[in-house]
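Below is one structure; the comments refer to it alone.
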Amino acid sequence: MLLRNFKKSNMINAFYLARALKTFRPHHQFLCRGYSTHIATGNTACEDHEPSFLKSVEMYFDKAAGISGVSQKTLSHMKAPDCMLKVTFPIEIKDKVEIITGFRVHHSRHMLPVKGGIRFATDVDEQEVTALAALMTYKCAIVDVPFGGAKGGISIDPKNYTDAEVERITRRYTVELCQKSFIGPGTDVPAPDVGTGAREMAWIMDTYRQFHPNEVDSIGCVTGKPIPLGGVRGRNESTGLGVYYGIREFVSYPEVQKHTGLSGDIKDLRIIIQGFGKVGYWAAKFFEQNGAKIIGIGEKECGVYNPNGLNIDKLFNYRRSRGSFLGMPNVDIIEDPLEILELECDVLIPAALERQIGLRNADKIKAKIVGEAANGPTTPLANEVLLMKGILVIPDLLLNAGGVTVSYFEWLKNLSHMRFGRMTKKWDELGKSQIVELVERNVARKLSETEKKQVVHGANETDLVFSGLEDTMISACSETRRTAISKDIDYRTAAFVNAIEKVAAVYEGSGIMFMN
Ligand code: NAD
């Protein structure tokens, strides 16, 4: 069935690709709510005429929109970003005043709060933040997280500043968000993204609380916080673990095994990952723990490769102590950072940045599956090339949704003011002990202490978070698969169709449209 899908969609793709190649010339301009989106250049994976990240997300949306049963009125409302904040503020750095630029975009407020990470990187601009915010709208819908989509960022390279300076920039940005009502547990809840982590989330929360000292739920204004400050266990690992669950799920489908020749056993997978940050590291860890062979890791300075498998913690410690993979023993060093994407493997996981697979390298990709852990790693034209080559693409808006899923759990924990499992763990253990005693009496055999511990163990916060995440990823993958099969379309289009239909149901059901 799926093989038939690929053949049919390849013909459509060939047409789409030819048309797209013709249509997208360097002078092409895209207008969105009054501002133009530049065609991003200077990226060696992409041709200059390939669409920007924002335009790419819109092209994916348009392709799925035509297949969904949603009305044009609702689609045009859904596609346009709702509102955008651009702030500039001065920061005194080493006796000089520097003007810092930050953004926060609410793509869709059909559900509140809106949710999405905050990125610190030099490339942060209006179109990138808007593209990421749009992906958040669809991502939340795919995993049934009841939030709208948002994203924020500051255009700085945090490595150019001391920790104290990054703290001042983060707090000043948060003041702007507070003053303009772009943050709050019921309105907008940021989270970490590229260049930010638990530390920045703690500063954001602390600044927000200074403005809202009497707000009982104030710690729910941001997720991805350190555990002692209201974070949830498992958030750090969540996006990488979700990537693992998602790929495990897809390789278990018989049609995927038939198409790729993979056995479905994680232990048989050879994996390459681009980006060894929060998402890439944890994805690598979970695949390694479950027996897969990680044969390549790419970073911005170079890549490392060993066909016999890499040791993830050794790599992590080496890079942390030296700041680079260069000089690492017992591995091949791949000097061109993009080359790692082109090596032979079963699953390629881009987990760094957008636009890493473009028209210049798509044809050289040799993986059987591309699992998009990063947001927007594949341009639409490159996506068509991959599909034509028979490569399965598990799309970003589905595969990296583990992060927002566990952020949702953290937000719920903050609103309930209680650790998950606190009221139930002992009660569960008591009930299970009574069952074990009953079974022991009836079969006249005593369980060993280890066996008993395993059976009786009541779920703690990590157990509950991981099982909630696993269940969410399995359901979202199987919904995507169902739509792909029933509509004879690829997984990305299927994920977008599902998201569009779910968001449309809220728009239309709530009368949000004010239309006849
Ligand atoms: P991060 O900053 O922790 O890690 C990104 C890593 O990519 C860094 O180690 C960086 O050095 C590396 N990198 C940058 N440019 C590179 C290049 N050209 N080649 C190879 N490596 C390069 O960020 P992260 O949180 O791991 O996010 C990675 C991606 O995952 C982003 O696209 C982000 O939007 C997406 N994502 C993150 C989360 C999350 O919870 N953090 C959730 C969903 C999606």
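Our numbering is plain: 1 for the first residue shown, then up by one each step along the chain.
Just so you know, glycine gets a Cβ as well, placed from its N, Cα and C.
According to TrEMBL, the feature active site, proton donor maps to Lys151. Around Lys151 (active site, proton donor), a 10 Å sphere centred on its CB holds 31 further CB atoms from the protein chains shown.
For Lys115, Lys139, Ser407, the entry in TrEMBL reads substrate binding site. Within 10 Å of the Cβ of Lys139 (substrate binding site) there are 29 other Cβ atoms, across all protein chains. Annotation note: Lys139 (substrate binding site) sits in a helical segment as assigned by DSSP.
Listed in sequence order, Lys278, Val279, Trp282, Ala283, Ala373, Asn400, Gly402, Gly403 are the same-chain residues six or more apart from Thr239 (NAD(+) binding site) with CB atoms under 8 A from its CB. The annotation NAD(+) binding site is assigned in TrEMBL to Thr239.
For Asp193 (site 'Important for catalysis'), the same-chain residues 6+ apart in sequence whose C-beta sits under 8 angstroms from its C-beta are Gly116, Gly117, Ile118, Arg119, Leu132, Lys151, Gly153. Among the features that TrEMBL reports, site 'Important for catalysis' is placed at Asp193.
Around Lys115 (substrate binding site), the same-chain residues six or more apart in sequence whose CB sits under 8 Å from its CB are Met136, Cys140, Val145, Phe147, Gly148, Gly149, Ala150, Asp188, Val189, Pro190, Ala191, Thr223, Val404, Ser407, Tyr408, listed in sequence order.
With a cut-off of 6 Å between Cβ and the nearest atom of ligand 1, the recorded positions Lys115, Lys139, Lys151, Asp193, Thr239 reduce to Asp193, Thr239. Each of Gly116, Met136, Cys140, Val145, Phe147, Gly149, Ala191, Ala401, Gly403, Val404, Thr405, Tyr408 belongs to the same chain as Lys115, Lys139, Ser407, is absent from that list, and has a C-beta within 8 angstroms of the C-beta centroid marking the substrate site. Every protein chain considered, the tally of other Cβ atoms within 10 Å of the Cβ of Ser407 (substrate binding site) stands at 27. Mapped onto three states, the DSSP output places Asp193 (site 'Important for catalysis') in coil.
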